[in-house]
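Engineer: The structure follows.
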There are 2 protein chains.
Amino acid sequence: MGTKQQITERISGLLRESKLSVTETRTKILELFMKSNGALEHSDFEKLAGQSFDRVTVYRTLQTFLDKGIIHKIPTTDTSVRYALCKSECSEHHHHDHHIHFKCEECGNTICLDETDVPQIQLPKGYAAHNVEVVVSGVCKSCK
Amino acid sequence: MGTKQQITERISGLLRESKLSVTETRTKILELFMKSNGALEHSDFEKLAGQSFDRVTVYRTLQTFLDKGIIHKIPTTDTSVRYALCKSECSEHHHHDHHIHFKCEECGNTICLDETDVPQIQLPKGYAAHNVEVVVSGVCKSCK
DNA sequence: TTTATTTTGCAACAATGTTGCAAAATTATG
DNA sequence: CATAATTTTGCAACATTGTTGCAAAATAAA
């Protein structure tokens, strides 16, 4: 993962590429994403290392990251919203989230399985598919 | 779909099978599910034909139906929760929702595609799959 | 360093979901 | 069919989650 220094520089670069000011809140939130390899939800951000950020700021920051293609949402069956970092192929105008998500029933973590292909779905006649979301639930590697 | 009378009887039977009292609220909500072939969200129920039901009653009714395996939830990327009727194979203890969902970007409707197979997903080693949720978004038959 | 722009935090609000409890409706029993 | 036991409903009050406007603070540009 690199040193703290390297990560901070990588984050600054990422923000500048997206034409966003490099601020403390944004840096901390991106750090958290990089540290955790799973998906995060809103509440994970408020109790952030040491200091606490305003709820409103967190909402706006996540929305900004979504708009710029830095993060993406993962579908859930409850009212929570989960976010994960996008891979480099994503950009503001072209989203490319073609990977599946795995939710562990034991630890509750949701992770992106980047190497697993999204299957081709044979839809009935008359339907046009633009995007396919797959969420598999079960037991993950670590909980087995 | 049968006459109004037949539908009412079918609903009563369904409720009694699940050991639930046959009440007006429950009947109306199940009628709405049967009339609409798509998935419904909470707000669809409150403005229900003629009369309006208490929000709390609707929440509790939907939760009860979920518990009994009469309806199931459909994953979304926002905070809304969508519900659809289960097929007959579902029961209180064994859920069998192996069908995919289609969300139309034009009309906003979500429907269950019962005939379309859920694909086999090849997970990385160490992962055990219990359930696979697939939501395809695009343009539906009617909106094309 | 100063100015212009962007971001943050607060307050206030809106929407959504939950809990306890008494009244009403439904079901079970004699 | 009438009454008792049980379940469900609706209200009030509250908790949680998400949104908007605006002035102060932080960041970027000159």
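Glycine too: its Cβ is placed from the backbone N, Cα and C atoms.
The model shown is predicted, which means the values in this text are computed figures rather than measured ones.
In case it helps, TrEMBL gives these features for our protein:
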- B:HIS95, B:ASP97: Fe cation binding site (BINDING)
- B:CYS104, B:CYS107, B:CYS140, B:CYS143: Zn(2+) binding site (BINDING)
Engineer: Around B:CYS104 (Zn(2+) binding site), which residues of its chain at least 6 apart sit with Cβ under 8 Å of its Cβ?
Structural biologist: B:THR110, B:ILE111, B:SER137, B:GLY138, B:VAL139, B:CYS140, B:SER142, B:CYS143
Engineer: Check B:CYS104 (Zn(2+) binding site) against DSSP and tell me helix, strand or coil, would you?
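Structural biologist: The residue in question, B:CYS104 (Zn(2+) binding site), is strand (DSSP, three-state).
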Engineer: Applying the rule Cβ within 8 Å of the centroid of the Cβ atoms of B:CYS104, B:CYS107, B:CYS140, B:CYS143, what extra residues of the same chain belong around the Zn(2+) site?
Structural biologist: B:GLU105, B:GLU106, B:GLY108, B:ASN109, B:VAL139, B:LYS141, B:SER142, B:LYS144
Engineer: Return the single residue from the binding-site residues list (B:CYS107, B:CYS140, B:CYS143) that has the minimum number of other CB atoms within 10 Å.
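Structural biologist: Relative to the other binding-site residues in B:CYS107, B:CYS140, B:CYS143, B:CYS107 has the fewest Cβ atoms within 10 Å.
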